[in-house]
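First up is the structure itself, then whatever we jot down about it.
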């Protein structure tokens, strides 16, 4: 059997390698910035650096989809179940509830973020299985899953950045979510998860044409 990679397959493999390299570089850069404490600010401070960090990967991928036929072709060929399954790790969102219990995180953020992430994480496993087995209605379910998953992320960011439910006297304290190691969640994992949601919805939209 000839296992040589055909010329038609080479762009696909290059796209995967480039995507993995970009993800790795992003994780290293933002991880170093977070470790150095450069994201730290009080709860009533400016959230601009965090907003930019979260949005850059998603906006970059959207622009690549618009202007690069190769990226669109690569995205269209990805396995939708494999784009969905990584969201199962969001079950670790229950740690936000632990932070709430010990008074580290405010209830206004920890409760919706913790329960929301846990539910999305559990749902991801079932949606991925449905897509893998090509069950009836799996694609429609995946659309709703990825929309709700994005909504959960944005709502968690909104409640975290606005200091919802935090007493006024604590608003001048450093936000724990901007300090290492918790800062890795909004600066590394949230952007990657948003990109995964956008990739999945983009693929579904293209395959319906």
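Numbering starts at 1 and runs along the chain as displayed.
The backbone N, Cα and C atoms fix where each Cβ goes, glycine too.
Just so you know, TrEMBL annotations never went through curation; they're auto-generated.
If one looks beyond the transmembrane segment (16-39) by at least 6 residues along the same chain, the residues whose Cβ comes under 8 Å of a Cβ in the stretch are 49-50, 53, 57, 74, 178-181, 183-184, 187-188, 191-192. The transmembrane segment annotation in TrEMBL covers 16-39 (among others).
For 45-68 (among others), the entry in TrEMBL reads transmembrane segment.
The transmembrane segment annotation in TrEMBL covers 80-103 (among others). Within its own chain, the transmembrane segment (80-103) has Cβ neighbours under 8 Å at 109-111, 113-118, 120-122, 124-125, 127-129, 131-132, 139, 142, 145-146, 149, 176, 193, 196, 199-200, 203-204, counting only residues six or more beyond its boundaries.
Sequence annotations record features per position, and here TrEMBL assigns transmembrane segment to 109-133 (among others).
Tertiary proximity for the transmembrane segment (145-166) is limited to same-chain residues at least six positions away from its ends with a CB under 8 Å from its CB atoms, namely 43-44, 47, 50-51, 54, 84, 87, 106-109, 112-113, 116-117, 120, 123-124, 127, 175, 177, 186, 190, 193-194, 197-198, 200-201. Feature annotation from TrEMBL assigns transmembrane segment to 145-166 (among others).
Positions annotated as transmembrane segment by TrEMBL: 178-201 (among others).
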